[in-house]
Amino acid sequence: MAIRKAVKGTAAVASGGLVAFYGLTQLTEYRKRQARLSRVEAVEQVNMAFQDELPSRQAQLTALRATQEFDVLVVGGGATGSGCALDAVTRDLKTALVERDDFSSGTSSRSTKLIHGGVRYLQKAIVKLDYEQYMMVKEALHERSNLLNIAPHLTALLPIMLPIYKWWQLPYYWAGIKIYDLVAGAQCLKSSYILTKTKALELFPMLKRDKLVGAIVYYDGQHNDARMNLAIALTAARYGAAIANYTEVVHLLKRVDPQMGKERVCGARCRDVITGQEFDVRAKCVINATGPFTDALRKMDDQKNPNICQPSAGVHIVIPGYYSPDNMGLLDPATSDGRVIFFLPWEKMTIAGTTDTPTEITPHPIPMEEDINFILTEVRNYLSPDVEVRRGDVLAAWSGIRPLVTNPNSKDTQSICRNHIVHISDSGLVTIAGGKWTTYRSMAEDTLDAAVKAHNLSAGPSKTVGLMLEGAKDWTPTMYIRLVQDYGLEVEVAQHLASSYGGRAYEVAKMAHVTGKRWPIVGKRLVSEFPYIESEVQYAIKEYACTAIDVIARRTRLGFLNVQAAEEALPRIVDIMGKQLTWSEQRKREELSAAKQFLYYEMGYKARSEQLTDTSEITLTPAEVGRYMKRFHKFDKENKGFITTVDVQRVLESINVYIDADTLHEILNEVDLNKNGQVEFNEFLQLMSAVKKGQVSANRLAILMKTAEQSLDQTEPLEQREPVDQRKPVSVDRSGGGV
């Protein structure tokens, strides 16, 4: 108690002046925001017809072609672009949106999954007395509250722990976190608090206890980013916006304004990526909301436009859920090189990630091995030595590009704008760039305000504060119980459907086929360890999914959670989509190949395979090599120097274990480095060496061969048996070999 009082006293002194300094600057705006929130009943203000049945993608393309002129054409289907479309259509503007890939296919699906104000930005604002950063945090905290309200099924509160290992840090960080609460004001989710060392270890038992002083816990929000992005886009479509994914802009359309005597942007020439057909979409105003690709569209407008995007990569990895408590995140504000590391539970797994590494702009960012190892190293620094953090436990990894920008309106064009900027070119192209996921709505509001003014559009103020998103209307925290009772779904599946689709989960459940089992009655899983079911693939097509990648990456999140499980589910996903979309056999093969390439490069499978290369260093003792040689020769009876699926199948059948040929081929292919259809002894040694070093975990072939050897040894004379290894391997939950 004495310590707590001392800490509070120190913090009060440290923070009192700052609170007073910033308090007056925010009071007027705060009251204005609060008054606006209290009076807004967004749905009642929107006078648009709400479509209960989503138009098909083909119907949307027809609307894009047939409409003589839209008020607004948004280019880009990420969070910001979709937010602009929703803001525009609810202002009663005739709205169109085109996206060259899929909704949320870029940065918006590759975030840290947090809805937050930005504790580290507030720290910089205080230390440097930076008013711009302070206002950015304040705006984000307001938007955090709004987002948690308008999509309760996709969001949740998340307590985040800051472990403290030096006494002087306790009052310092406590003061900063309390200011974070104060800036949030009435929209503070829950009050932050201090934990003793004992209580911190009780809540986060994996934490390193050596030199731990205590911890501070504060609250932010968490969401399913890709589905949130999709919910925004689908809500815009239901209010009448014509939206189409896989529709790219070929070039901008321009006409000469007779009054001004100069060219003005009046639409875009678009191409349906799937069919190759081109058509014009005309609009009074074109909004550039293309994130990292902002400069590409700006140069379509004028080749002389300088680049304003400063791309920064954020790499994240997914490891098994047992690395963190179910409902407690961790923030390391001071890593070895100054970057911030988040360590968060998500979808029953654990996300660890860093941000802000300079990168090149690419539509297909690849997580690099050095970034993955950096994250693992930092994770080891604050987890207990009892927890072995293994490279092989990485289930998926991805990289997202954060589009930091320089402000073209500023005289100092070299300075990076930390907030978002809205720029209107001489030809009338409206560009929205920068910002962060949490503030997508306010970014859209600012963009439309500027567009309405610049293009003299007939529209009122924004109506999106409090506007419920797709699935939110009929959702309740207990609706999953009705899904279980009314449809006979597994509890885990019902909870997943409720949290992913909200009130629309009933439509997914109605599509589910009868399993033929006593329980569950309906809902066949795509893979056994994840709650995704086959009817979600059918429903994904209604949500404008056009490829298998759309399903594994954005309609479900399987590719982001476990690449090997995603690869296992792909054939069934392609089969279901093929029937629904009448794909040819050639198209099915192409879809399967493209999805595997996506998993290999963009979701970290490549980084995993590089743990087993021809140049891998084999670090086995002579005794271990001898033991593994004996194991290998139990399968290689003819001493060929390699084993095939036939060899493995023969041994398994001798111990009454039966695995189909396709699965055996997949198991061997994981280890077959030169892809010649067989596993050589050297490849097997490299596998066992990688397992020993923790680079690969729970490899199926390694476990299969060890289990078979033990069964075979039971039938041999006692004196010929292999000595039993008393060490029990550490189980890896759903790692499937790691990536």
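In case you wondered, yes, glycine gets a Cβ from its N, Cα and C as well.
Automatic, uncurated: that is what TrEMBL annotation is.
Features reported for this protein in TrEMBL:
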- 718-731: compositional bias 'Basic and acidic residues' (COMPBIAS)
- 623-658: domain 'EF-hand' (DOMAIN)
- 659-694: domain 'EF-hand' (DOMAIN)
- 712-739: region 'Disordered' (REGION)
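When DSSP labels each residue, the domain 'EF-hand' (623-658) comes out as 21 helix, 2 strand, 13 coil, counted as helix, strand and coil in that order. Assigned with DSSP, the residues of the domain 'EF-hand' (659-694) fall into helix, strand and coil as follows: 22 helix, 2 strand, 12 coil. Averaged over the domain 'EF-hand' (623-658), the predicted model has a pLDDT of 85.
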